[in-house]
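Comments concern the structure below.
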Amino acid sequence: MMEERTNLMHMMKLSVKVLLQSALSLGRSLDADHAPLQQFFVVMEHCLKHGLKVKKSFIGQNKSFFGPLELVEKLCPEASDIATSVRNLPELKTAVGRGRAWLYLALMQKKLADYLKVLIDNKHLLSEFYEPEALMMEEEGTVIVGLLVGLNVLDANLCLKGEDLDSQVGVIDFSLYLKDVQDLDGGKEHERITDVLDQKNYVEELNRHLSCTVGDLQSKIDGLEKTNSKLQEELSAATDRICSLQEEQQQLREQNELIRERSEKSVEITKQDTKVELDTYKQTRQGLDEMYSDVWKQLKEEKKVRLELEKELELQIGMKTEMEIAMKLLEKDTHEKQDTLVALRQQLEEVKAINLQMFHKVQNAESCLQQKNEAITSFEEKTNQVMSSMKQMEERLQQSERARQGAEERSRRLQQELGGRTCTLQQQLSQLQEQCSSLEKELKSEKEQRQALQRELQQEKDTSSLLRAELQQVEGLKKELRELQDEKAELQKVCNEQEQALQEMGLHLSQSKLKMEDIKEVNKALKGHTWLKDDEATHCKQCEKEFSISRRKHHCRNCGHIFCNTCSSNELALPSYPKPVRVCDSCHTLLLQRCSSSTGS
């Protein structure tokens, strides 16, 4: 399916390019006989048929792309005119012809890209008609819609009347896209060899398509032979039925003749009886009044019987005429049915196969939908858990910061208060020591004056007692200082533990951010990357070399830019692609760094 999608996308690029080049040479106005335009419609039809589900009905199998095109009328009311005009065309009898007429009218209105974009935006509706790996369901569909925007420059003058759109053969003519070796300029031999190899690849692809068409035609011939055999059997059965109906008609005719003969005989008998009775009546009138009345009653009854027999004869004659009319109608119906059966039997086998495929694909789609719904619910639960844990961690951080700020302010205040008290106490101690020294000198010098100075000694003793009390207070303050220092050490331990907790929280936050980035990448991958169009890129983004037939274009599945083969030869498994896909060199290094950082954290 991937190879078919890429091949169809490349063919669409080539057909659009050739169509635009030919249109520019003709003045941008095209007719229905223009060969590149016909090939564009053939390629477009193949793109719309890619991955189309087969529908089954009692008539047969039906695989046409007109079903998804009818959705445009519901999604975009501007397309109602196209749908009504296509349905009103009496020449179109198949769904394929109606789909081709719809494409013609959309191109004439210059809205083909807009209508297909509306379809691709509503992929949940297209899933009823296409498989999940179809071209219209993947990224190649958006690329083709971007290519079709360039066709709005053209003026197409197409006439649908008189054209047999039902029986056109949708085969791609690759000869329009092949290049002649003689037209090449005098370049290097290597470039010529590459061009010849490209042409050889195109010819091989053409042969492959032709072999596929031959196989399809052989399968169709086998189906037609089977339908012909079935039709012959049905015709033999119909002829047998007609013979049986003719025999029944002959039997009814014989029965009618027998009934007529019986009625005539009965009438003659009654006439003879009446004559005999009249003769006897004339001979013997007397005493036969009672007999006359009885005979009269019998006559009335026989007349009634005769009337009933005549009515039955008329009914049988009418039945005979109706049978003849029915035979004529049956002959006409058989001729008409023979004509319709030829067209209907072709669709019988296709519809049967489509029904089987649809049944299996519906089961697969239901299982895939259940898995996707479970994955989405699990992702939502994980995101909710991560968000709740983030909120709780932020609240804890705020609380720890507030507690830390309060503890720092308290420690600063206590340090300031302790510093002031220690300074004052040291000053007082220095003063007391000076006083003690002066008193000792005075005591030594004034031993003789003890008596006069006893009062002063008592005062000094009182002051010394006060100083002792203050010293005891100083010792209490020292104990308080020790306790405060112990509290400070405990607070420092708590701060260190909180810092370790903050570091662990930062690690958890970084891991959760990485998970969130992975989830966002998955969501982006599910929504679809914004890819560059092939027409916009003429040079490689990394090496800036010009693209050619030998140097092909390749999209990076991560960033969506276009690179050459040498700059995008790496392959990695992305969240949106479980298998390793093509990635450019820069995205390859970034993804490896991200993986190493996530493993290290």
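A Cβ is built for glycine as well, from the same backbone N, Cα and C atoms used for every other residue.
As annotated by TrEMBL, domain 'RUN' applies to 31-163.
In this model, the coiled coil (214-265) carries an average pLDDT of 85. As annotated by TrEMBL, coiled coil applies to 214-265.
Helix, strand and coil counts under DSSP for the region 'Disordered' (385-414) come to 30 helix, 0 strand, 0 coil. Residues or ranges marked as region 'Disordered' in TrEMBL: 385-414.
Tertiary neighbourhood of the compositional bias 'Basic and acidic residues' (392-414): same-chain residues 484, 488, 491, 494-495, 498, 501-502, 505, 508-509, selected by CB-CB distance under 8 Å and a gap of 6+ residues from either end. Residues or ranges marked as compositional bias 'Basic and acidic residues' by TrEMBL: 392-414.
Under the heading domain 'FYVE-type', TrEMBL lists 534-592. With DSSP classes pooled into helix, strand and coil, the tally for the domain 'FYVE-type' (534-592) is 11 helix, 12 strand, 36 coil.
TrEMBL lists 540-588 with the feature domain 'RING-type'.
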